[in-house]
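Here TrEMBL flags B:48-236 as domain 'ABC-2 type transporter transmembrane'. Positions annotated as transmembrane segment by TrEMBL: B:61-87, B:99-120, B:141-170, B:182-211, B:218-238, B:294-316.
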Amino acid sequence: MTTSIVVDNVSKTFRYQSHPTLKKVLQNRLHGSRSNETFKALDGVSFEVRQGESIGLMGLNGSGKSTLLKLVSGVMVPDDGKVLTRGRISGLIATGAGFHNELTGRENIYMNAAMLGMTKDETDSKFDDIAGFADVGRFMDTPVGNYSSGMFARLGFSVAVHVDCDIFIADEVLAVGDRPFKRKCLKRMKEIRESGITMFYVSHSAGSVKKMCDRAIVLDKGRVGFDGNVDDAIKYLHYDGDDEEPDGEEGSEDERDDALASDI
Amino acid sequence: MSQSRPASMTAPDPDRRPVEVRHDLAHVPLAAPSRTSGVLEVFRRRYLLRLMVRREIKARYAGTAFGLAWSYINPFTRFLTFYFVFGLLLSRGSGMQNFAIHLFAGMVLVNYFTESVTAGTRSLLSNKGVIAKMALPREMFPVASMLVSLWHAIPQVIILTIACVISGWVGDGPLWVPDAVGMAAALLGFILIMVYGTACGLMFSCINVIFRDFQRIVQTFMNIVPFTVPMMYPYYLIADGERIPLKFHDLYVANPVAEAVMLIQRGFWYPTCDGPCVVDPATGAALPDFVNDLYSRGFIMLGIGLVLLAVAQFVFSRLEKTVPERL
């Protein structure tokens, strides 16, 4: 088994306010306070992932999940420590990020695929699959600015899941799309996982992490709070619902995801 | 990071072997996911660059009825305005032939330069949606805006060529026959602007993310540029030392845009002249059209420009690390 991702003692610091006006800076100087206070989004995070593993990344809001994903996908560079990956990365952090509203669905597919590192021939050969999966029908030659938000998300998703990648990063996938599409997504993600692609899956839904992943990492205020078995991670996070009263909305969302996951 | 893949896997996936075996991952090195090789990376991913340039060109006039015609209408009307004000109202009796062509040849390069730099400076901020979410070589954006500006210079070159031909045909001058030296000079002018435009775009784009007032400062300077080159007035006004002390002349001709403008005028305007292009209106004596050593200066400036480009790349790779979190 080859290593797929190495995260070694990684820290990332952000500033609270990145663009103070000159007036603010002078005011702060006068009052003797410093405006550029910082906080650590990630603090000494280390772990290794083997090729083909499927990792659930969990944690409360603001625990550093998105920052970690951006470091692994190469959007950001760590301040300390190092992140190393092997092979091509695709993912769902950025579904539709490169889309241009004035261009048609077809043009945007080629554009987005190229951004994810696909060549023209590769995109040509996969175009029918991508178009079929997105299922936007005659809208393929309409500017994506006119798409419904569901269609827009489907198109972005469809490109990302068809990249022939080695590492797949999925951030809150189930937040978009209707039920049939969610089912299709989960099915596709399962295929991706079974083809031996390393999967990095972020979700708040304990059920879908349990179904999709064989290892979980829980971030807690920028540090690795737990790394190991999924069930234990859920216990660690108290997501198993023992100590909270059943919250209607969240509970049903969870159940539906559970139901979806067991459907496939 | 995936250029050298075996051909088998670009096929539509009949292969059911696990990815690890299929991509032969044991022999792919572990690497930082954000590693790039700077501007060279942009040319390694030419396909993406081409798509991005095409996207910008398409998106600019998307939904308009005239479409690409706007690329001709805008420079043409600007040319007419300048021609009437400076050519007919102010410049009667300046002793110059074909002033309109002199002016427009300069405008082609000045527009190209100001557009590259202004668009380049904004390029990272205006693409922040992509930059904050996808790992791309970020040099791509300023380089793409430089190429989009180059694309918009093409219609202007066409208008310029037509104007040259018409002036020889209808006007009283000789037929316009471009000479090899002149065309090479014009090409060198274009290359100069390309190099300096890219260098400025690279450097300014990431400064602009950190210090957002920068694009306004750049805009202010770009408004000055058209007046710092010999296109609305002949070169001799600067060179004869009567209006401006001669020591400033050296500074004036050290401006790469001024040099490039004279190079393109050498290519297009100079061959349209009958006899000396510029004469003293009082005495009728021939005056210098361009700076001495026009060509050697051009090549030296190209060298300096390439050094500046390397410096710009260095600055960019230093600053770009913090770009995604500052957007």
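Glycine too: its Cβ is placed from the backbone N, Cα and C atoms.
TrEMBL does not curate its annotations; it predicts them automatically.
Nonlocal intrachain contacts for the transmembrane segment (B:218-238), taken as residues 6+ away from its ends with a CB within less than 8 angstroms of a stretch CB, comprise 82, 86, 91, 94-96, 102-103, 105-107, 110, 113-114, 117-118, 121, 204, 208, 244, 248-249, 252, 255, 257-258, 261-262, 265, 278, 287-291.
Count of Cβ pairs under 8 Å against the transmembrane segment (B:99-120): among B:61-87, B:141-170, B:182-211, B:294-316, the largest is for B:141-170.
Within its own chain, the transmembrane segment (B:294-316) has Cβ neighbours under 8 Å at 38-39, 138-139, 185, 188-189, 191-192, 195-196, 198-200, 202-203, 205-207, 253, 256, 259-260, 262-263, 266, counting only residues six or more beyond its boundaries.
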